[in-house]
C-alpha cells in the first residue's frame, strides 16, 4: 500500500467517524463539488512542481544554490498568483458553478459560502507544495516529507477531528485552509532555518 492510498483511506475513515450520518450525504456532495476545483488547482501546482524540480536539482547540483532558491521563490509567486486568480474566478462564478450540481437554494448557499472559505487554502497550498518539491529536488527528504505529511495527513486529520466539533459545518470548510496555514508555518520555519 502506498502513502497516497493510506492518506486517502485514513482521511475517508476519519470523515465517516467524525461527521454524523444525517449530514454525511449532503456533506459528501458538498466536499465532492469543492474537490473538483481543488483537484484542478492541484494539477496546476503539480505541473509547476514537476516543471521546476529538474531545474532546481540541476542548479543545486551545480553549486548554484542561489539560483535554485530563486527558481523556488519565483515559482511560489506564480502558484500564489494562480491561487488568487482561481479564487477570484470561482468567487465571481460561484452561483453558476453551484447550479451545475444542485437545484436546491439551501444547498447552493452552503456550497457558495463554504467554497469561499475552502478556497482560501489555495493561497497557501501552492507555496507548501512547491517548497516540498524544492526540498525533494535538493536532496532534503526530511523537510519535504514533513511538509507533505503535515498537509496531507497529520495536520489535516487533526483539523478534521477538531474543527467540525468546534465550528459545525464551517469547521468542515475550514479544515483545508487551517491545514495549509499551519503547514505554511512549518514551511517558513524550514526555509528560515536553512538560510
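Using N, Cα and C of the backbone, Cβ positions are placed for all residues, glycine too.
Residues or ranges marked as transmembrane segment by TrEMBL: 12-31 (among others).
Annotation source TrEMBL lists transmembrane segment at 37-58 (among others). A Cβ distance under 8 Å defines the sequence-distant neighbours of the transmembrane segment (37-58), meaning residues of its chain 6+ beyond its ends; these are 68, 71-72, 75, 78-79, 82-83, 86, 90, 97, 115, 118-119, 121-122, 125-126, 129-130, 132-134, 136-138, 176.
Per TrEMBL, transmembrane segment is recorded for 78-97 (among others).
Feature annotation from TrEMBL assigns transmembrane segment to 117-137 (among others).
The transmembrane segment annotation in TrEMBL covers 149-167 (among others).
Non-local neighbours of the transmembrane segment (78-97) in the same chain are 37, 41, 44-45, 48, 108, 111-112, 115-116, 119-120, 122-127, 129-130; each lies 6+ residues outside the stretch with a CB under 8 Å from one of its CB atoms.
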